[in-house]
Amino acid sequence: MHRTTRIKITELNPHLMCVLCGGYFIDATTIIECLHSFCKTCIVRYLETSKYCPICDVQVHKTRPLLNIRSDKTLQDIVYKLVPGLFKNEMKRRRDFYAAHPSADAANGSNEDRGEVADEEKRIITDDEIISLSIEFFDQSRLDRKVNKEKPKEEVNDKRYLRCPAAMTVMHLRKFLRSKMDIPNTFQIDVMYEEEPLKDYYTLMDIAYIYTWRRNGPLPLKYRVRPTCKRMKMSHQRDGLTNAGELESDSGSDKANSPAGGVPSTSSCLPSPSTPVQSPHPQFPHISSTMNGTSNSPSANHQSSFASRPRKSSLNGSSATSSG
């Protein structure tokens, strides 16, 4: 399966940094003529003495260059989300500035201009932040009842709550569930958001950004347990071998009944179809005992064992029947 390429923040720096001050964008502002971006204070100060873009020398405006620059909120949000701690440090600098200069006119500015916006309001998540999440079993039957608007049955609340670092990956969460619930390696655990399985390399911060978590409650996650693909392939091979064994035993009995078949047929060493098949997952009540459309319970027609069936053999050309 193709894995998404993850790159370092230093590889994106040319797209996130202002060429005038050498730092990350603060109040990113873009020239509409050439779409080059700078910090607001940097480009305003530069255009006081020049009417051309500092990067490509395109004329911004003949007389009033400030008319052709626009605030770029989308770019600024990207910078805040990609650079750890930048938003928090900038808000602190603004609060400190207005505390040291109470006469500065900040009444006309927004809360963000005054540094009075918290990370939660801006939906900025840092790697070291602790995220509250809920995890519960993904019940397909419950989902079907909800879709069909059936009356829900009395259900046990199996939802659990965790507090984890934002940098924790889905793979770590799967390992935690396997260890906590003693799930054997023959079963696969999928962590899901609503009905969509999540990739192992997703962090909780990635999930919060991708699915626009609003912090109005714990991050809702689900999990399901299912047999691994390898186990399912082995079951298919076992079924094929059993069918081949039945064909072989039938052909052997035909040879015993024929006049030319002087050698008694030998019983197959493959397991008998009448042998009861144990449920592969008795410890997981959530998992159905039916796999690939076939039930694991033995058929009623195969209750009698091969040992109790009469055996036919040929002795001196005469057919004899002996019971086991």
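Glycine residues also receive a Cβ, built from the backbone N, Cα and C atoms like all the rest.
The shown structure was predicted, so the numbers you read here are calculated from the model rather than taken from an experiment.
Here is what Swiss-Prot says about this protein:
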COMPBIAS  264-276  compositional bias 'Low complexity'
COMPBIAS  277-307  compositional bias 'Polar residues'
COMPBIAS  313-324  compositional bias 'Low complexity'
REGION    162-226  region 'Interaction with E4F1'
ZN_FING   18-57  zinc finger
Excluding the flanking five residues on each side, which residues at least 6 beyond the ends of the zinc finger (18-57) place their CB within less than 8 Å of a CB in that stretch?
-> 63, 65-66, 68-73, 75-76, 79, 83, 86, 90
Per DSSP, what is the residue tally for the zinc finger (18-57) in helix, strand and coil?
-> 7 helix, 9 strand, 24 coil
Take the region 'Interaction with E4F1' (162-226) and count its residues per DSSP category (helix H/G/I, strand E/B, coil), listing them in that order.
-> 19 helix, 23 strand, 23 coil
Do you know the mean pLDDT across the zinc finger (18-57)?
-> 96
